[in-house]
Amino acid sequence: MIEMVAGVNRFLFVHFRPLYMVIFNFGKAIMKGHCKFWIFQSPPGVMAISSFVALLLVCAYLLLPPIFQPVIHNIEIPKTNGSIKLCNVFEGSWIQDESYPLYNSSLCPFAERGFNCLANGRRDQGYIKWRWRPKNCDIPKFDVHQVLEKLRGKRIVFVGDSLGRSQWESLICMLMTGVEDKKSVYEVNRNKITKQIRFLGVRFGSFDLRVDFYRSVFLVQPSSVSWRAPKRVKSTLKLDKLDGISKEWINSDVLIFNSGHWWTPSKLFELQGSLFFCKRFTEAWNAYHYWLQNSIKYMGVLG
């Protein structure tokens, strides 16, 4: 299982270039008085997306058991002499590669038009030719046929907001380039791709592969508003409980999270001094961590 996650993490991180068109430059955490956010910078011409994803990765590295840390930090790269060396994929730089992009958004039926920059009139194409190269090693180019074979009979699940949905779309479009019969790839409920639907699932019939997406913006349970709350309070969250649809995520081989926390700071406010971001974030993270541990045990991976 861990080897499977490590392999999929490699191609998700390196080859989701149309979606990961951003470099997360981590600043130092400032922990004086009240908690302040991490500092991120984006390169020219690349739109910054989801600082929370980077924060989530950092927290995962710090909080998860040591057995998981190598999975998200280092990968093993075979040398020509048969030996193995470790590669830190987070240290490197973006380089131009004329063999990119890996797929044409206009030819992929699962790519939303809103994310298809060329179809929407963008004339330059340099932004779709970036490839991530680690500092002390290189990662083999995405081999769609090899990946499809490794994923045969598997189920991949994305959970999150529109960022997670666009990652889901990109993976499907990448995998479709290796499928001869395009009609064998279809949304299981014949739904159109839209942000209003909480569940979208695409099946690759020739490979018995499912790639699903569940819309859960905060990962935790939404709740009703108390009658005592001010009028400006439109919704609340139960930070100690995972979203009710989390039971649908359990039976999966690869589970990929992201959260809408990255676009909500301007919508949060203190109510009589009761809201303290660090503490609340810790509660939400602990709920997710507890759920993850129990779900893994449920699937028989641990213990």
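Residue 1 is the first one shown; counting continues down the chain.
Glycine too: its Cβ is placed from the backbone N, Cα and C atoms.
What you see is a predicted model, and the numbers here were worked out from it, not measured in a lab.
What TrEMBL lists as transmembrane segment is 12-31 (among others).
Here TrEMBL flags 43-64 (among others) as transmembrane segment.
Taken from TrEMBL, the feature domain 'Trichome birefringence-like N-terminal' covers 87-138.
As annotated by TrEMBL, domain 'Trichome birefringence-like C-terminal' applies to 139-279. The average per-residue pLDDT of the prediction over the domain 'Trichome birefringence-like C-terminal' (139-279) is 85, rounded to a whole number.
Look at the domain 'Trichome birefringence-like N-terminal' (87-138): DSSP puts its residues at 9 helix, 12 strand, 31 coil. Break the domain 'Trichome birefringence-like C-terminal' (139-279) down by DSSP state and the numbers are 43 helix, 37 strand, 61 coil.
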